[in-house]
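Student: This structure is in structure tokens; I'll ask about it shortly.
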Amino acid sequence: MTQVAEYKADTDLSQYRVKGEIPVPTLIGWLTLAAVPLIVFFAYRSSLRGDPTAPVFLVVFAGLLAINGVAYLISHNSTLQRRGFITVITALFTYLAIQAVEDGSAIIWLFAYPPVVFYISQSRVGVIACSGGLVGVAMLFSPIGDQLFDTPYTASFRLTMLVVFAFEISTCYVLDQSRRRSKLGLLKLAQEFEYAAKHDTLTGLANRREVLAQLENEYQRYLRNSRTFSVLLMDIDLFKSVNDKHGHHIGDEMIKLVASTLREQCRKVDTLARWGGEEYLVLLPETNTEEAVKTANRIREAVSRKSVNADGQDVAATISVGAATIRNAESVDRLLQRADEGLYRAKTLGRNTVCDFEGTFTD
Ligand SMILES: Nc1nc2c(ncn2[C@@H]2O[C@H](COP(=O)(O)OP(=O)(O)OP(=O)(O)O)[C@@H](O)[C@H]2O)c(=O)[nH]1
């Protein structure tokens with residue numbers, strides 16, 4: 001029976017892709033490719049100015065980013081790639097701010113931090129990293145920062161930088177939340193479409209297309225490993241008269257009743273499907289004829305013990321079942337044909353019966 005994955009608001013959405021979205025590892029790859037030569041360029045500029053330490057630090061940062069990129073290409077570990085990238089750029093931006101690289105103008109690169117961090121990590125990580133960045137900049141601009149570091153930032157620059165940085169972080173947070181909510185909505189919609197494409201609306205059982213796909217999978221396994229499987233084709237007896245006497249609403253209730261009985265009586269590995277109007281197909285993997293007939297009779301008996309209430313009157317339900325087990329090199333079509341012949345036989349033998357196309361198996 002198909003399980004539907006649940007997307008929750010706090011799920012790490014980066015593991016699910018929506019068409020058109022840039023995958024996080026790809027984005028980090030491109031950012032790394034752009035950042036490495038840029039950092040080397042600024043290292044070169046610093047060396048021209050005779051700065052003794054900045055070129056070394058910048059080349060080390062470029063090297064770490066490159067190593068992180070190569071490590072991902074080898075390991076394909078995207079979590080490690082993301083964490084490595086965030087760690088290196090956080091250290092790099094901290095260095096640019098406190099060392100006032102490029103006469104202090106390099107601190108402007110901090111504005112690249114919030115959109116990147118919010119995009120590539122979970123919302124919570126984005127909030128923590130960006131708030132940390134804001135507090136860090138505030139500390140740097142405070143009298144404590146002035147005691148620790150020799151920076152050229154003017155008072156008005158400090159004020160503007162702090163306000164604009166806080167504004168940018170808030171904007172990135174709001175846009176990121178909106179992006180995550182839309183993505184969640186799209187994923188849920190895709191999930192609903194997928195469910196609707198594979199299930200019958202009235203009963204929630206698999207539909208004909210889905211069970212045919214499962215049958216094909218099971219058939220391929222049979223061809224590869226000789227894993228026997230069986231099918232049960234079932235039909236509610238004299239269903240037309242239920243509709244005629246009690247109305248379609250009661251007929252629908254009976255269709256649902258048989259579906260819920262199938263759920264009660266079958267294993268999780270079985271595929272339960274609504275094959276047509278009041279017909280069902282059950283696919284039983286790794287099941288021989290004897291076990292299939294046993295299951296069919298168990299279902300048949302369980303259904304016969306149930307009834308639908310129509311204006312105070314109990315309307316009993318019975319089903320007829322045709323059973324067939326895959327054999328030799330027969331096709332899926334032939335298997336279904338044999339199950340159908342069994343069902344026809346069960347109907348002609350008086351209904352509420354299990355048959356294959358050769359014999360009757362009522363207990
Ligand atoms: N209520 C309801 N009726 C349906 C649905 N799908 C098909 N039917 C009805 O199911 C009936 C099937 O009747 P028949 O094929 O003649 O078979 P039967 O009366 O069950 O007779 P036997 O199969 O010979 O026992 C038809 O009257 C269809 O209109 C449905 O979704 N809901």
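Here the Cβ of each residue, glycine as well, is placed from N, Cα and C on the backbone.
When I checked TrEMBL for this same protein, it listed these features:
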DOMAIN    227-359  domain 'GGDEF'
TRANSMEM  22-44  transmembrane segment
TRANSMEM  56-74  transmembrane segment
TRANSMEM  86-113  transmembrane segment
TRANSMEM  125-144  transmembrane segment
TRANSMEM  156-175  transmembrane segment
Student: For the transmembrane segment (156-175), find every same-chain residue at least 6 residues outside the stretch whose CB is under 8 Å from a CB in it, and list them.
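Tutor: Same-chain residues near the transmembrane segment (156-175) but 6 or more away: 104, 107, 110-111, 114-115, 118, 123, 126-127, 130-131, 133-134, 137-138, 141.
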Student: Under the DSSP assignment, what numbers of helix, strand and coil residues are found in the domain 'GGDEF' (227-359)?
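Tutor: Helix, strand, coil within the domain 'GGDEF' (227-359): 59 helix, 36 strand, 38 coil.
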Student: If I take every residue in the domain 'GGDEF' (227-359) and average their pLDDT values, what number comes out?
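Tutor: When the pLDDT values over the domain 'GGDEF' (227-359) are averaged, the result is 94.
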